[in-house]
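Read the structure below first, then the notes.
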């Protein structure tokens, strides 16, 4: 039992602050190594342009693939043993794997460790489940929106810090620094997260069919999972072509990498500063379903003109506005999941949602790369807009016959 745990009532606001810090640290830890991942693959002995591209894509995607496979298992274990235990397992497990990555001697070892990283992940969905089961229902949107800014902040700062550290100390030491960040996250969680959880035996656990029947609206929950997948597909489809598209727009400039980095970062800045907590709080007042549909439509209206921009500045402005819309989407989905499931199955519901998110992280870049190879960069934005429009119609159809029940503390 940690020093913070006693018989006093749980302070969910303090847990939210500590969970936010944990999501920030894990978000930073994951993104610290991303700027130089292809360079590390090359250092491990992969040579040749095509081979380097192939292996870089594989080692990047395999983490999300194995995370999608493992998330439901960890979600079920969280519902049996408690969410705090899963947070500790995730932080410590990923920390150990990061150390081993820094010691990898060939590409196959690194590939296996990237897969293991996906298997042992799950800090963010379990943090979402923990806060969702403790926060008053009428504050769910604000709390989950605030929590989402932790991971976004870490993911924004991580690449910059990782690039500086790699330039200063080399590639391998960054993995050890990342491991230290994750171990710090482990101890912060151990000593300052509080959870009163009564373990449930395996026999008492609800089976899959019982989980589905316990949902207030199973079809709606499935549509929310699909929405999460499409959000990530839309985000990931642009990632592979963004730098090349910026270079096409900018022409012959020497700082195309810097410009691309800025344009890649502005959606996260917008989500952090403008939308996630504020629109989450608004969703608590007017209903998260209204926020979800409005943000999806707004995203479509911003993606279409991205295909016709003529300068990097125009693209940057549109991506900033898109970030403001995107920052409201996942918190709205998560709030609707809270409204439509019980605390007893929260771990599994959030883990299933994470699985769909990971599948989107894998398929989005593949879709974007395939479209750009066959039809050009600008077509990626139009196809992505069509996918998001389909999701808006699908979500509206799923939501229009339901009415959010009145919730109270």
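Cβ coordinates are placed from backbone N, Cα and C, and glycine is handled just like the others.
Feature list (source: Swiss-Prot):
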TRANSMEM  16-36  transmembrane segment
TRANSMEM  58-78  transmembrane segment
TRANSMEM  92-112  transmembrane segment
TRANSMEM  115-135  transmembrane segment
TRANSMEM  146-166  transmembrane segment
TRANSMEM  173-193  transmembrane segment
TRANSMEM  224-244  transmembrane segment
TRANSMEM  256-276  transmembrane segment
TRANSMEM  291-311  transmembrane segment
TRANSMEM  379-399  transmembrane segment
Are the transmembrane segment (58-78) and the transmembrane segment (146-166) close enough to be called in contact, which here means at least 3 C-beta pairs under 8 A that are separated by 6 or more residues?
no
Other parts of the chain folded back onto the transmembrane segment (173-193), taken as Cβ under 8 Å at six or more residues beyond its ends:
2-4, 14-15, 18-19, 21-22, 25-26, 28-29, 32-33, 36, 84, 87-88, 91-92, 94-96, 98-99, 101-102, 123, 130, 162, 165-166
For the transmembrane segment (224-244), could you work out the same-chain residues 6 or more beyond its ends whose Cβ comes under 8 Å from its Cβ atoms?
256-257, 260, 263-264, 292, 296, 299, 303, 326, 329-330, 333, 336-337, 340, 352-353, 356-361, 363-365, 367-369, 371-372, 377, 380-381, 383-384, 387-388, 390-391, 394-395
Among the ranges 92-112, 115-135, 291-311, the one whose Cβ pairs under 8 Å to the transmembrane segment (16-36) are most numerous
115-135
Residues outside the transmembrane segment (115-135) whose C-beta sits under 8 Å from one of its C-beta atoms, at least 6 past its ends, are 10, 12, 15-16, 19, 22-23, 26-27, 62-71, 74-75, 78, 83-84, 86-87, 89-91, 93-94, 97-98, 101, 143-144, 147, 151, 185, 193, 195, 334, 337-338, 343, 346-347, 349-351, 353-354, 358
